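K.L.:
My questions will all concern the structure given below.
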Amino acid sequence: MDPVSVAGVASIVGGKVHFQGEEREVGSVAIHSDRLQADSLFFALNGVTDGHRFVARALANGAIAAVVDEARLAELPAGQGTLIAVADPLAALQAMAVWWRRQLSSTTFVAVVGSNGKTLTKDALVGLLAGHRTTYGSPGSYNSQLGVALSVLQCPKDVPVAVIEAAATEPGEMARLKRMVDPHAVVFTNLGSRSGQNFGSRDEHARELLSMAAGLPEDGWLLMGEDDPGVIAQARQIVPERQIQKDALPRLTRQRHVERSSLVRAALPDGTEEDLLVATPSPEVLKDLELAMGAATLLGMRGADLLAAVADYTPPSTRMQMWRRPDGATVVGELANIDPLALSSALRTARSLMGAQGRTLMIIGDPLAGLTAETAEAMARCLRAENVQLVCGLSADTHGLIEAALVGSDVRVHRFADEDRMRAFVATELRPDDVALVHVPRDTMVTDSWMHLVETAAATRLYVDLAAVKDNVAAFRKLVGPHTKLMGVVKAEAYGTNPVTVAHTLREAGVDWLGVATADEGVALRRAGVQMPILVFLAVPGDLDRLVRNRLTPSLYSMEMYDAACRAAAGSGRRLDVHVEVDSGMHRSGLYPEAAIELLGKLRGHEHLRLAGLMSHLGCPDDPDEDDLTREQLKRFGSVCAAAAELGFEDVVRHTAATAATIRFPEARYDMVRIGLGLYGLQPSTATSSLITLTPGVGLVSRIVEIHNMVPGERVGYGGLFRAQSPDTRIALIAAGYYDAVPRAFRKVGYVLVNGRRCEIAGTISMDSMAIDITGHPDAEVGSDVLIFGQYAGFSTPIEQAAAAMDTVSHEVLTQVGPRVQRIFTQH
Ligand SMILES: *Cc1c(COP(=O)(O)O)cnc(C)c1O
C-alpha cells in the first residue's frame, strides 16, 4: 500500500481525527495489536475478541493511529495516540481496500467464487501462472468481508495479475466484496449440492455468487465450472452470452490412479494432447486444476508452457505430510521449493504441531541442482538457528556446499552415495520424540520413497486432515458468533488421533479452551508445551495437587471434589479457578441443582477458590424426539445460573453444549461450547447435518498384504462364514483387525473401498487381519491401499454410516483406533 497521511485516511474512510500524536504516514494495516509493522494503521474490529480492548496496546506498540467505532470513543484511553472515529471500523477497512484497488488499475483482478474448491482453484491458478507472469494470490482461504479487504490491501503495486477468493454466506455480501475486488474476470467453481441454506433457494444462491460478475469490462469473462443448466441460465441473466466461457478450454481426463497420483490426458484447445502425471489421486482436485487451466488459458498462457506448469503443480494438501511412528518419532515430508525461509517455517511447524521434545533431523533427498554457495550458507544458518542436530545428504556437490557451510558448528553432517543407504541409516538413527524433516524433489511423492521409515510396524494408517479440522473450527466459530468461546475437547487421545497435534492446530485456529477427561490427559498436554487453558471434566480428588501444579482447571462435580480443591488451593497459596458441574438431568456426573446452589453459597467470597465456570452436560440433544428432555435440562441449568447471578458472581463462563447441542440448540451455547466430534467433520446425527456443513477429515486406511485364489466351496476365516462361489474368486488379506479399529461388528458395514470400488468383507474379522473379496477387481494387488472408513484420496465411506451399521456412534468408531495404527497428519 502506498503511504498516506492520517488526514488522507480519514477522508478515505469518512472518519473524524482525534489527533493527539505526531504526524506520520500510514503504509500498512493491522488488525492484531501485537502484529504491527512500523507504519501500521490499527483497525479495532469486533471479531472473535473486541478490538477496542486492544487499542491502547496497539498504540503503545507503535501503531500510527487506530480506527475505532465512534460510539466507543468515550471508553478509550485519551492521550495515547491518534484515533480515527468512524461509524463502522470494518466498513472503514473495506473503504481502504476500495481506495487501494483504484490505485491498482494496471492489475488484472480475477475473482474466484463458488461453493467448493475456491482455495484450491485459486492456488492452482496462481501456481500455473507463476512461471508466466508475476501473480498475486489472496493468502490461504481469506475470503470473507475481512479476508477480502486484507487480501486487496496486501496486493503489491505493479503485479500483472491478482487472484482473489471471495465467499458469500448471506444474501447481499457479494456486493460489498465486489466493490473491493472490482474484477476483470470471474471464475465460478460450482454451486455444490448443499447450497441455498441461507439464500432461500439454489437460484438465489447462484445469483448472489454470480453477482460478482455483474458489469464486467468489455474484455472481461466469466469462466463457469458448473454444468447445471439452471445455474448457467442464471449466469446468462447477469453476464452477456459472449463473455461466458465454458467450451473450447483445456480438458483433463483421468486415465488411472498411479500410486497416490493420477495419470491424466490433457487436451488443449489448439488440439495438443499429452499424458501427464498429476500429484493427486483426487478427482475433485483434478476438476479444480482443470478450471484453473481454463482461467490460465484465458489469461494468455498457452501450449507447452501450460502443460509444463500442470506437470509441475503440486496440490497444497500433499505439500506437507506428517507421520507419527508408534514409538513417537515423527517424519515430515516436505515438497515445497527449498529456500531458507520455507525451511525454517517447515521445521517450526513440524516441531510445534507434533509437540516434539527430541532432536531435529534434516534429510535432503533432493540433489538441489543449481544451489549456489550463497543459498547453501543461508540454509546452514537456518539449520543452526533451528537447532537441527543432524543433516543427512547425498554425495552431490550442492550438498557439499551445505556441509562446508556447517563446518565448525554443532550440526553433524552425514552424506551418502545414494538414497537407499541414506534411508537405511535414518531408519536406525531415528529415536522416539525425534522429528525428521524429509525434503525430496517436487516430482516424487514423499510417501513412496520414505514410507518405509514409518512403516516398520504398521500397514494400517489413520489419516487426519488438520486443514479440515481448521475448517471445522471456522464453521463452528461462524455458527456461534464472536462472543461465544470455543472449547476443543481432546480427551481420549483427541478421539483416537493425537491430542498434542490437534491441540496446536486448534490454537492456531483460534480455539479458546481445551477440555480433557482426566488429570493425566491434561498433564500430558502441559508436558508437550500446550499453554492454553484446560478444563478437566472428571479428575478425582487425589488429582487436585497435580492439577494446581499444572495450571489445569478442575470441574467440581461432587462435594468431595470441592473439599479436595479447597485443600489443594490452600496448600498452594494461590487462588484456584474452578468450574462447577450441575447435573441437570442426564444423571452422569455433577451436583443436583439444589446441591450446586448450596456449593455456590460456599464459594461466595471464598478465600482460595474462584467460581470461573458453571457447566452441565446434555443427554440427548441429537435426538429431536427427546427435545422436551433437553429443554427441561436447560431450564434446570438456567435456574442455577440465575442463582449464581443473584449471589453476585461475575464473569462466570456458562457452558452446556457439546457438538450436537451447539448445532441444534442456540440457547444451550451460553458463553462457551465444547466441541469434540465436530472437529473431525463428523455429524452427531441426521438431525444436525442439515444445519451445518462440516469437512470430514479422518480416514482409516490399510493395505492388502496377501491374495489367495479360491476354489469353489472353500471357506474363509473363523467359523468359515465366507464360501467361495465361482472359480475366479480372489480373496485379499488386509492387515487390520479388531485390535486396529475394525471391530467384529464391522462386518455389518459390509464392504471396504479399493481404488474407490466396493469390495465385500469375506467372513469374520480377526484380531490382526480381515479378508475381502476382490473377485473381478484386477487392479487390487498386494500393496493396494484399502479405505476402511472415512475419507482418503478423494474416496469416502462416511464414518457416521459405518457407525450406524454397527449400532454405535462415530465417537466409538474413532476411539477404537488402536495403538498399532500409524497416525498420519496432513496439512496444507
Ligand atoms: C466428550 C464431551 C464433550 C464433547 O462431545 P462431542 O459430542 O464429541 O462434541 C463435551 N463435553 C463433555 C463434558 C464431554 O465429556
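From the backbone N, Cα and C atoms, a Cβ is placed for every residue, glycine too.
TrEMBL feature annotations, pasted as is:
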type: ACT_SITE; residues: LYS491; note: active site, proton acceptor
type: ACT_SITE; residues: TYR718; note: active site, proton acceptor
type: BINDING; residues: ARG588, MET767; note: substrate binding site
type: DOMAIN; residues: 697-826; note: domain 'Alanine racemase C-terminal'
type: MOD_RES; residues: LYS491; note: N6-(pyridoxal phosphate)lysine
K.L.:
Please state whether DSSP places ARG588 (substrate binding site) in a helix, a strand or coil.
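P.N.:
Where ARG588 (substrate binding site) sits, the three-state DSSP reduction gives coil.
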K.L.:
Taking only the Cα atoms, work out how far LYS491 (active site, proton acceptor) lies from ARG588 (substrate binding site), in Å, as a whole number.
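P.N.:
Answer for this pair: 17 Å between alpha carbons.
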K.L.:
Sort out the sequence-distant neighbours of ARG588 (substrate binding site) for me: same chain, 6+ apart, CB within less than 8 Å of its CB, listed by position.
P.N.:
HIS617, GLY619
K.L.:
Whole-number Å only: compute the distance from the Cα of MET767 (substrate binding site) to the Cα of TYR718 (active site, proton acceptor).
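P.N.:
Just about 11 Å between their Cα atoms.
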K.L.:
Quick check on the recorded positions LYS491, TYR718, MET767: which one has the highest count of other Cβ atoms within 10 Å of its Cβ?
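P.N.:
Of the recorded positions LYS491, TYR718, MET767, the highest Cβ count within 10 Å belongs to LYS491.
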K.L.:
Looking only at the domain 'Alanine racemase C-terminal' (697-826), report the model's average pLDDT.
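P.N.:
Mean model confidence (pLDDT) across the domain 'Alanine racemase C-terminal' (697-826) is 92.
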K.L.:
Count the residues of the domain 'Alanine racemase C-terminal' (697-826) that DSSP assigns to helix (H, G, I), to strand (E, B) and to coil, and report the three numbers in that order.
P.N.:
24 helix, 50 strand, 56 coil
